[in-house]
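What TrEMBL says about this one:
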- A500, G501, P502, G503, T504, G505, K506, T507: ATP binding site (BINDING)
- 479-746: domain 'UvrD-like helicase ATP-binding' (DOMAIN)
- 747-990: domain 'UvrD-like helicase C-terminal' (DOMAIN)
Amino acid sequence: MYIADLHIHSRYSRATSRDCTPEHLDLWARRKGIHIVGTGDFTHPAWREELEEKLEPAEDGFYVLKDEYRIREERIPHEVIPRFVVTGEISSIYKKNGKVRKVHSLILLPGLEDAEKISARLEQIGNIHSDGRPILGLDCHDLLEIILELCPKAVYVPAHIWTPHFSLFGAFSGFDTVEECFEDLTPYIHAMETGLSSDPPMNWRVSALDRFQLISNSDAHSPAKLGREATLFDIPMEYEAMAEAIQTGKGLGGTIEFFPEEGKYHMDGHRKCNLCLTPSETLKYNGKCPVCGRKITIGVSHRVEELADREEGYIRENAKRFESLVPLPEVIGASIGTSAASKKAVREYHRILAELGPEFEILRNLPLEDIRRVSGDRVAEGIGRLRDGRVERIPGFDGEYGVIRLFSAEELNNTEGQMNFFDLLGTAGKNGESSGREEGKSRRDAGTVPMMKIPAEENETLKAPAEEICKDTGIPAAPVLNPEQEYAVRCNAPHIAVIAGPGTGKTKTLVSRLRFLMEYRKVRPSDITAVTFTNQAAAEMRERIERETGKKLAARSMQIGTFHAICLNFLKEQGEQPILMTDEEQRRLAEETIVESGISISAKKFLESVSRSKSGLPAGLGEEKIPDALWQQAYGIYEEKKRYGNLWDFDDLLLRTADRIESGNVSDGWEKRFRYLLVDEFQDINQAQFRLVKLWSRAGRELFVIGDPDQSIYGFRGADAACFDKLSEEYSDLQFVELKENYRSSPQILNAAWAVISQDGEQNRRPLCANCPDNVPVRLVHAGSPMGEAVFIAKEINRLVGGIGMLEAHQAAWDMGDRKTRGFDEIAVLCRTHHQAELVEKCLKQESIPYIVAGREDFLTDSAVQDSLCFFRYLEDSGDLPSVRLCAERLWNLEWNDMTAEAVRTVGEKFRPLYRKKKPQKFMEQWMDEMGLSDSPAMQKLLQMTVFYKAMPEFMTALDLGVESDLKRCGTKKYTSGAVTIMTLHGSKGLEFPVVLIYGADQGSIPLENEKHPSDPEEERRLFYVGITRAKEELLLTTSGEISEFLVRLPDGLVQEENAVKKRKEENWHQMSLFEM
């Protein structure tokens, strides 16, 4: 019979010993008498490399430590040389069926080659470098599918299935059934790992588990903890036999168990309140701690009780045998009155091993007389009682290990101390009754820390449950439209302007207006144009109309898109063939113009000035001191070069559309599409767009605009917060409607937003009316540095999701109390600049937090990216010769001639079918590989963008026409829906999140102060207002310097201030105490 411990960790996992190396694992497996030990952490590249160096193949699917690495010590009688099998644990944190799920999975593999393949796939999904147990935003169903696809011989076992925080049936974030987790792949799950806080009899009570084999492992984070639990096998020494035993039970000999009461999550309770409760007592207190009022930590026993359909004591048919043991060092330490880690106990442990053999042989098989002869009466008596099950069990709870006693206090009177297996931990007293622990007594003292038991008669005075708050994070129950919204929808005025503050149902009103036009006024969808600010908003509006009306054709017939997208389609319908320039093409053209015109200016500044001029703004050339006549000459040269090459820039789409309409150079019937014109985010249109609105609406029947002057944040692009006033001047019959009922944010958030946006002496502005329940206060956290802010944000997200590691989860459960555990996709981090976003991204990656970055980032200007995009435009349009010439010169270093043209054409013929048929990610990977661009960081980021698109033309259109929030990049090569969003304040407009963290609420950052580009303080105020009002339930601001002037004027008590440095010190102290345990 072989003993196996298959679930362990390397030193590359969090909170593990530095001795978790192949050498020390081999050493302790020999000391323990373990025949098969898991490698653990197969996904970690550095650990795999170490395993490949130090292990060599043994029997089929097993490895052995190379002799030169084996640690030599005095030989233990009957010592076995352990085999290693490739194993690893993966943490999945994701949202399923409306709930955040956190599940750990144990994977067994037949070899390191399979580990390499699976790791390569998982690296595309998440960060496998920071932690030996990688944290992935991957559904367990999908993880199982990947494992089976890449390695059919792999064994997938849900790990420690009852642990409250990270398991299949966990009380906080698990499932109620196996089928809910694994769906159609449930038949491929054959075994369950019991975990330290449950034993087979507890699992037998759940009939749904009858079809699964039960295995046990230590989940060791240090070599000395090997064998706390283990599995017995009666098999040939080979991987396939072991896999068959786990999956069918053939050759599975049973398990060696912890006493479940020893597990630190066996019973319910609150460790900080010294309170241990039975499941019935927890129900009696309605799940609230009678001491502090917080939510009680539910233990394994309680969770088993919830899912059990059999009485306690039921024995499963054909059940495998099991043994409950405690480690030998604990027996020795208790017998001699010291801790198990004392020098005296350690010396005695090694002496006994040298005399008698491996630990498991001593605990399980050796005659007691042989043990008594070497170790004395007390140790032999203790082992005898252990084998017979004659122990006193004091259960663990809420992260506090339990205690197993073999001797009563009376029996120990003649020894130096009490029999206590976990005196290092300082755990619960007998039967949960208070023993009057002294104030400040060290947790390292021998003996036990009492559990506090509340007498029934004191319950009413101590019980102080918090008020139950609304858990609904959506719009509260209300009529479909409020009176103001309904008026805006039904109004028949030819020109309507709706002022819609944040969260007042702007999109709902706009979509309802579209439905009203089609369904009640019978307007043809093809006569309607809806202009949105982003491509994402256009797609969502179209999808919403399809969903609410059930008419796909109607939504497709309607013209919905951004100004630029609508103009591009319009120009193509008029026979134009616009070739949009890439950034690199614009830069080169600008440089040529600068040389020819003789002006002194950078290409970047030149292009900014061109765009400003086209948007109706001054060119902004004061610092360059360029005379207006010289500027106009340079501008003319630039435009002529564009005309010569039939090249267009972004602004030309708007200007040339307007020019065609004004000149009458349009085909008949063009105006039909604009009979009913609706414009979203009206506050952010510039002069060119305002001109188009007037031209389109004059040709139509009705104009409906909606927006909010308080959210006008694109003044640098020509937008004007006074645009509604200008529209009123243009249309004397303009009908105004104002929406003031906010259905998004808590009163605390709205009060902070109002304090920021309101001005002294202003009479016209009215605050929004909150329709959501009270929530937590707005928090302002002071950090020591910008990097300190980013680190704090990463740690805070870890806490908000309930912890992504065991220690963090335990601390988070206390910190969060009754507050809702968040999913990653419920959280957004907003920054003023892209540089700030890079710091946040770095820290989130370090914490293994899945994320996406939204925005037009600097890497898009990288030469490799620009050259590749030029070639892709050639693949899209073989007539785009400027792009392909630029690509040939820069990417392949070729001068343009007939031979080069033929070579490029050949490459184009190869890639064009792939461009049209392959998924963007696969196409990009092949392109990068064949062009030698795989090592380019910028190209890797471009690759991470492709995961959001179904086809390359769609991706290229997004790059050409998309605004900040349209462009997204996944933190890995594969997108999972459960990810934190990192974006700029500008990019956040139009979005909402349950939790928003705003980085850098400093003077100089918000408002942004830059000598070269002075900002408009009032626009910066509006931008901050936009950021604050993205939050639905929780808002957190960070700062590391002088706080923003916009926060200084906030009334006292509106914001809860904290110190990040102090908070981190407290957390570090607490985590260290847990680790020491």
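Glycine too: its Cβ is placed from the backbone N, Cα and C atoms.
Just so you know, TrEMBL annotations never went through curation; they're auto-generated.
Keep in mind that this is a model prediction, so the values were computed, not measured.
Mapped onto this structure are the features recorded in TrEMBL.
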{"residue": "A500", "record": "ATP binding site", "Cβ neighbours (10 Å)": "27"}
{"residue": "G501", "record": "ATP binding site", "Cβ neighbours (10 Å)": "27"}
{"residue": "P502", "record": "ATP binding site", "Cβ neighbours (10 Å)": "25"}
{"residue": "G503", "record": "ATP binding site", "Cβ neighbours (10 Å)": "25"}
{"residue": "T504", "record": "ATP binding site", "Cβ neighbours (10 Å)": "24"}
{"residue": "G505", "record": "ATP binding site", "Cβ neighbours (10 Å)": "24"}
{"residue": "K506", "record": "ATP binding site", "Cβ neighbours (10 Å)": "23"}
{"residue": "T507", "record": "ATP binding site", "Cβ neighbours (10 Å)": "16"}
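Regional average pLDDT for the domain 'UvrD-like helicase ATP-binding' (479-746) in the model is 92. Taking the mean position of the Cβ atoms of A500, G501, P502, G503, T504, G505, K506, T507 as the ATP site, the remaining residues of that chain whose Cβ falls within 8 Å of it are T509, D708, L739, N742, Y743, R744. For the recorded site, G505 (ATP binding site), the DSSP three-state label reads coil.
A500 (ATP binding site) carries a strand DSSP state (E or B).
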